[in-house]
Amino acid sequence: MERAEAYGLSAAMSGSFLLSCLLFAAINRRQRGPYMDEVFHVPQAQAYCQGRFLQWDPMITTLPGLYLLSVGVVKPAAWLFGWTGSVLCSVGMLRFINLLFSAGNFYLLYLLLFKIHQKNKAVSAFQRILSTVTLAMFPTLYFFTFLYYTDPGSVFFTLFAYLMCLYGNHKTSALLGFGGFMFRQTNIVWTVFCAGNVVAEKLNEAWKTELQKKKDEKISSRKGSFSDVIRILQFLVKYFTSPKNLVTLTALTWPYIILVTVFLGFVFINGGIVVGDRSSHEACLHFPQLFYFLSFTAFFSFPHLLTPTKIRKFLLSLRKHPLHYSFIALISLVLIWRFTYVHKYLLADNRHYTFYIWRKVFQRHELVKYLLVPVYIFAGWSFADTLKSKSIFWLLVYFVCLLAVTVPQKLLEFRYFILPFLIYRLNIPFPSLYRQLLDLAFYIVVNAVTLYLFLNRTFQWPNSDEIQRFMW
């Protein structure tokens with residue numbers, strides 16, 4: 001990193017943290033007590049602060065990583081600064097933990113962008129810093145910087161594990177992956193993703209060697225013909241049935257294999273992936289979640305995905321392959337028809353934006369969910385098109401992990417989309433400076449509106465004196 005870029009990054013990070021501190025103070029003045037899921041997280045952390053590590057709220061569904069780390073940060077700070085009484089493990093103090101995580105996420109996002117795009121000499125230092133600021137202000141994640149939720153810490157450990165994986169430090173990556181797992185069990189999928197990165201790299205090397213032998217000019221599988229798919233499948237079968245290749249891959253990925261084994265042991269002993277209340281977190285095959293994610297990504301990446309050039313390319317592809325798209329549309333209609341689930345929270349909790357999206361869009365008419373299929377297809381095509389620079393094996397690993405982390409979720413919850421969205425955005429090419437600035441401006445507007453609604457547009461439920469607030 002050059003000195004000018006280091007100064008620019010320091011200034012951007014300091015300015016972002018200062019802004020977050022000011023917003024943090026404003027939110028804590030207006031909402032002093034625990035809100036929403038904080039009513040479970042805060043008392044649990046306070047019990048740990050008081051040394052009651054055997055106490056557990058059965059309504060909590062995640063492992064105690066957030067509470068253990070909070071105690072590990074707050075206790076030494078209290079000893080150092082002489083904090084006692086109500087200050088120690090107060091709501092504000094616990095929320096501040098996530099403000100620290102947000103600063104860490106900022107730096108990790110920059111390091112990941114630098115590492116992933118280091119071969120692209122056309123990307124300037126200013127563009128890297130601008131993209132870092134934009135992703136750090138990603139609205140769904142940024143909002144939970146100010147509340148005591150698991151999301152900022154979950155993102156921190158997962159991004160850190162991904163960074164270590166890219167640098168080849170797989171033991172550290174697996175250890176950090178364990179930290180992410182302790183914040184949210186589904187983060188084990190991103191441990192598999194890290195292992196998959198290693199496997200994809202080896203597969204890509206072997207595939208290029210295979211093509212070299214046959215004197216092919218490039219990886220023709222990018223054309224997507226049926227014969228190319230058959231060749232890829234034959235290659236994969238041949239590669240994974242070789243004991244030598246399996247030994248090599250095991251030697252490279254053994255830290256991840258150990259962590260996945262620990263996870264499977266946990267699931268067996270626990271009787272499921274969820275701890276605590278399982279009644280509202282039942283796994284199911286909710287395939288439309290993939291469509292919701294693609295729409296979510298198109299909305300928050302519209303400067304990248306909704307360009308006139310992409311629309312023209314999509315229409316040309318549609319005209320060129322009508323049977324392919326007809327088949328995709330048919331499959332999508334069947335998946336929506338047979339596998340759409342509506343969680344009771346989605347219909348009952350009018351504090352979340354998803355409640356209003358579902359009511360105003362999907363409940364407007366029974367046919368709406370089917371009429372949105374063309375939107376899903378375009379979003380999916382554009383999504384895949386921005387990743388065309390990645391190898392076919394990397395794409396396979398990412399999409400398998402994307403399905404694993406979204407489809408089993410019955411509840412439509414935007415927080416579940418944060419990590420797959422960030423990993424997607426980290427790996428797509430940098431757009432023009434104009435589109436980057438548009439991206440940042442859009443995020444700033446969305447954050448401003450979200451925080452304004454949360455702070456100023458309060459309401460009350462019938463037969464309740466508690467103040468309710470709108471949130472993601």
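Note: Cβ is positioned from N, Cα and C throughout, glycine not excepted.
According to TrEMBL:
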type	residues	note
TRANSMEM	6-27	transmembrane segment
TRANSMEM	60-81	transmembrane segment
TRANSMEM	93-113	transmembrane segment
TRANSMEM	125-149	transmembrane segment
TRANSMEM	155-178	transmembrane segment
TRANSMEM	246-269	transmembrane segment
TRANSMEM	289-306	transmembrane segment
TRANSMEM	327-347	transmembrane segment
TRANSMEM	367-384	transmembrane segment
TRANSMEM	391-408	transmembrane segment
TRANSMEM	437-455	transmembrane segment
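At the 8 Å Cβ threshold, with sequence separation of at least 6, the transmembrane segment (125-149) lacks contact with the transmembrane segment (327-347), having fewer than 3 such pairs.
Remote same-chain residues near the transmembrane segment (246-269) are listed as 170-171, 173-175, 177-178, 181, 185, 188, 191-192, 194-195, 198-199, 202, 240 (criterion: CB distance under 8 Å, separation of at least six residues from the stretch ends). Same-chain residues lying 6 or more positions outside the transmembrane segment (367-384) and placing a CB less than 8 Å from one of its CB atoms are 288, 291, 294-295, 297-298, 305-306, 310-311, 314, 317, 325, 328-329, 332-333, 336-337, 340, 361, 395, 424.
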